[in-house]
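These notes are about the structure you will find just below.
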Amino acid sequence: ITQKMGSCSSQSCQSCFFEYETERMIVVKSKVVGSVFRLIQFLILVYVIGYVCVVQKSYQETDSVISSVTTKVKGTGFTNTSDLGARVWDVADYNIPPQGDSSFFVLTNMIVTPNQTQSTCPELPNQSTICMSDSDCLEGSNDVRGNGIQTGLCMNYKETVKTCEVLSWCPLEIDINLPEHALLAAAEDFTVLIKNSVTYPKFNFHKRNILPDVNSSYLKQCEFNRKTDPYCPIFRLKDMVSEAEEDFQTMAIRGGVLGIMIDWSCDLDWPEHHCGPKYSFRRLDNKIPENNVAPGYNFRFAKYYKTTDGRETRTLIKAYGILFDVIVFGTAGKFNMVPTIVNLGAALTFLSLVNAVCNWFLLTCTKRRDYYSKHKFTYLDNTDDNAGESVSY
């Protein structure tokens, strides 16, 4: 046990200036103190070996992944509605935009407003558009939440309701009649090819999620399955939604956002084939019942045409669907001498603290603390005639 050999508390400043403290070793035979000493040593070794080395791998130098992602969706569906009639949908119709990168959108439901033209029509009724006469409407007024520019006229919206007339794309969209079942229910069987390339520049490591032994014949017939085919880069949409613990047909009605997580965490001390992508899926948008304002995911787009007389017309589509967001993350580690030495030094520092803790325990918590304290400190005075003899107190 490390001993402190001098004290200045009762000496003058001049006397303390010329004193020197050194160490003294005393062996205390105590089962209690010895057990505490070995227990602390054991806990430190478990922490260093088990947590620092095995769990944290602190002997490794690390680098963060740099990634690129491209996607390609395939599949066809069929709908038969009063607005669009019988129609076959291919990837150019439902995949918006057509060239996806780290995210892609698949249309599953829609509200269609056909044959819109630039003309005038009554505004949809709300608190700011309902009127009794033309004086209630301000010509040229533009409500950012409205559908057009007011003409200053008050028109019949229905027999019992009048609203201000607007210059807009008419007839106006009425977006409250959303189909109760997804129109493009067949989208659950569509597939997507995800091509992902990653690099760890610090280690000059490059790899793709399409493994080196994969050929075109395999890609034409494989489909991701966590048990039987975990490295196939082609995913069925329904399977991804199911792994996120969601029902595809329910989610397809109002849309949503689904995250495709690709984990590239690798231990590069092992051969390269041990480093591969690990896929997981999770719904990212809010679906809390208590906060269901503006649920799902939707946006609008239009398809424009010209009539035989040269008049411009369009079909407005409010598209509901699932936005798939591909999120790539990961950290790679490889043995390096510098972090190894740093963490070894930290471990030795922890071990050096064991004596200080045991000294405190010996002089504070044991029954014979006064006896141990008496032998812990010795004061030597070289001016004494009996130099070499010690005085313990």
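Numbers here mean position along the shown chain, with the first residue as 1.
Cβ coordinates are placed from backbone N, Cα and C, and glycine is handled just like the others.
According to TrEMBL, the feature transmembrane segment maps to 35-54, 341-363. The ATP binding site feature in TrEMBL is assigned to K72, V73, K74, T191, N298, F299, R300, K318. Marked as disulfide bond by TrEMBL: C121-C170, C131-C154, C137-C164, C222-C232, C266-C275.
Features as recorded by TrEMBL, highlighted on the structure.
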residue : record           : contacts (Cβ under 8 Å, 6+ apart)
C154    : disulfide bond   : C131, M132, S133, D134, D136, C137, K162, T163, C164, E165
C170    : disulfide bond   : Q116, T117, Q118, S119, T120, C121
C222    : disulfide bond   : D229, C232, I234
C266    : disulfide bond   : Y200, F205, H274, C275, G330, A332, G333
N298    : ATP binding site : R254, G255, K318, A319, Y320, G321
R300    : ATP binding site : L316, I317, K318, A319
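Only residues 6 or more beyond the boundaries of the transmembrane segment (341-363), in the same chain, are considered here, and those with a CB under 8 A from a CB of the stretch are 1-2, 28, 30, 33, 36-37, 40-41, 44, 47-48, 52-53, 58-59, 369, 372-373, 376. All protein chains shown were included, and the count of other CB atoms within 10 Å of the CB of C131 (disulfide bond) stands at 22. Sequence-distant contacts of T191 (ATP binding site), defined by Cβ-Cβ distance under 8 angstroms and a gap of at least six in the same chain, are V73, K74, G75, E223, I234, F235, R236, L237. Neighbour list (F299 (ATP binding site), Cβ cut-off 8 Å, at least 6 residues apart, same chain): K318, A319. Taking each of the disulfide-bonded residues C121, C164 in turn and counting other Cβ atoms within 10 Å of its Cβ gives the largest count for C164.
Within the group of recorded positions (V73, C137), the Cβ with the highest number of other Cβ atoms inside 10 Å belongs to C137. In this record, ATP is bound by K72, V73, K74, T191, N298, F299, R300, K318; the longest C-alpha to C-alpha distance in that set is 24 Å.
Every protein chain shown contributes to the tally, and the Cβ of K74 (ATP binding site) ends up with 12 other Cβ atoms within 10 Å.
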